[in-house]
């Protein structure tokens, strides 16, 4: 196990969220397991043949090992203003069916195997929330630095909207805004802390939502800071997660000291569905961007 099943069945954020089948679980993960997922998001998932924003501006050889090219600079800061590392310039990574930012679509010919560990996490959490048989087919990882945010949008590019959308948050906190079926509907604001999870299903699956800029965790919210001294705790013999080395965690903790990583997992196709020959309309959004989700500088 790698999540706290005592948190399930989940807590609903408010009557508004209950009405729209929006599920919010605070601090889902067992103590000592968040470090694994942070390490996966920074070191493993950006590896090829997955796709990231740096591929748009760099050669394949430059983006082959984002972690390796960033280790020295992040491990030995000089205190001087230096060029950003590859890891600090990372803004998004796509998994499985790779989301195309320009057309807001997926396609059968742009696919790499979905990570088995992330699928197992998603499968177990969705089943515990009442959605058995979830098939993790696409993932989008967003990397938020202090100058970036996520504009208002609807996740409607998936062909099957009856399956839920999962969102896992790691690192610094942020304010999440859950709106309505129209862009002008007043949103409900909620904190997203490290280890929190949201599940959008039913009517909430197609609600407008947005992510504000990251902010430091409130005083006393030390779950993530405790990871560094709890790497061996709570990990049982049947755990999927593995221990993170002190060297890897030192780099991860330095990165997420002022950053946030959000992982969304989606099922793209329903039973018997295939991708259309012609692309579907563009996803509704206010950002107007074609190379990624962030309002801030993406380098």
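Note that Cβ sites are derived from N, Cα and C of the backbone, with glycine treated the same way.
Note that TrEMBL annotation is computational and uncurated.
A sphere of 10 angstroms centred on the C-beta of residue 155 (Fe cation binding site) encloses 22 other C-beta atoms. Under the heading Fe cation binding site, TrEMBL lists 153, 155, 209.
The annotation compositional bias 'Polar residues' is assigned in TrEMBL to 275-290.
Residues or ranges marked as domain 'Fe2OG dioxygenase' by TrEMBL: 133-269. Counting residues per DSSP class in helix, strand and coil order gives 21 helix, 47 strand, 69 coil for the domain 'Fe2OG dioxygenase' (133-269).
Per TrEMBL, the feature region 'Disordered' maps to 270-299.
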